[in-house]
């Protein structure tokens, strides 16, 4: 908590805080573009079996009697239960007798059929090329589209573990810059992948870097923020997701080839990597990790960028050591290991509850976000609506962070999310508008709850173990994200089953917030001792105290 007093010695850092937050937010937009990429690159177009008499260019009119395309389709492809051409079967031999039925429904159950042994013909109106058309991920292989989404989310799960550990050890800025370069390289290579296996491997590596980027971006913003800027800073760090999803819909609408789309969202990372050298390391992290000289250097840089010309006079090593005396003494001690953290009942309880609530929210969040094709016919419009409602939720977040209790607001939002998801089950496919409204409302509730959860998680965990704890939370969140696309495979057995799973978890997790402490308008904990002192003296800070009031700026 003494770090806030140290920032007071540095003067008003609002200019630096805004500039660094804006830079990180712009970079985060590029990161979020990768999250929902498979909504378009793995789009499943309409398809049917390739048949010789219909699709072979060498077949002449003499062979077919100049029959129309509809007639040739009728004798070559059987109809499914909805009287539409089958997607995965064809007649072994042309059924010429079907030409003379005059509109009656044919009985083709006795006709010999076979799978699409010669491949498929795809409807390329929506997309000229996707990974589905590239590697024929349809029919028996259609579940591989969920696998493609799963491997990216699995990479995010691993990134949540590695990112937190490496960030605590090497610093926020170093991990950020490394991950920018990693996404640039593996994302570009994914566009040129010759096989589905190589593509999935590269997307896995992209997921590792993407999660580390998001986690470290939020931490870097939060750890430089004064109390007055804390809520707005975290909110600005979350806004890029909505902007990115709307941007992705526009890019996918303009670029219908998955190779080019993959390149467009990956190549800019080379520029981001070069420009990220402007970012400053977290002075709070440096001081807490017993590097006061380096922390002082970063503080002076921040003060200079905010226009403070006398930073060297107002910020000295003596002032830093006297202000942060307790924190520096704590830094001399060995950091708690993961096993030691598990023996801290209160910290362990908080991490467990945060992890479960994040798991439930992310299961629903990605269940909606990764399956826009299951919710509406126009994936471009629905993705844009999703992005808009996420952005709106993030705009509402500063008000919610300032005026609403953390626990009550998150509990209500999770209940709303559960209701929307479970209601989708009872809305027929024909009522597309209502399904889209419910999905959009549910996603907005999930996005707002997610922003509040990031703030709440930062507020209940001390700085010295915050990155590690957030890494654990991110791991559970990304386990849910990885499982979300796999849940859709269960629709083969029962179409409502995935949506039941998506809806039940948020409902249960809503009650878990009652077990977490209320942290609105309270400063961040820097050490384990700060957290213990707060439990011994849990007095609410006065609202009029400018040091602890959370305002928009």
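From the backbone N, Cα and C atoms, a Cβ is placed for every residue, glycine too.
Swiss-Prot assigns the feature transmembrane segment to residues 204-224, out of the candidate ranges 78-98, 99-119, 120-140, 204-224. Residue ranges 144-164, 291-311 are listed, and Swiss-Prot annotates 144-164 among them as transmembrane segment. Among 39, 473, the residue that Swiss-Prot annotates as N-linked glycosylation site is 39. Going by the topological domain names that Swiss-Prot assigns, residue 15 and residue 433 belong to different sides of the membrane. Cβ neighbour counts within 10 Å, taken over all protein chains shown, single out 39 as the most crowded of the glycosylation sites 39, 56. Between the CA atoms of residue 39 (N-linked glycosylation site) and residue 56 (N-linked glycosylation site) there is a gap of 32 Å, rounded to the nearest whole number. Counted over residue pairs 6 or more apart, the CB atoms of the transmembrane segment (408-428) and the transmembrane segment (351-369) come under 8 Å in at least three pairs, which marks the two as touching.
Secondary structure at residue 56 (N-linked glycosylation site), as computed by DSSP, is coil.
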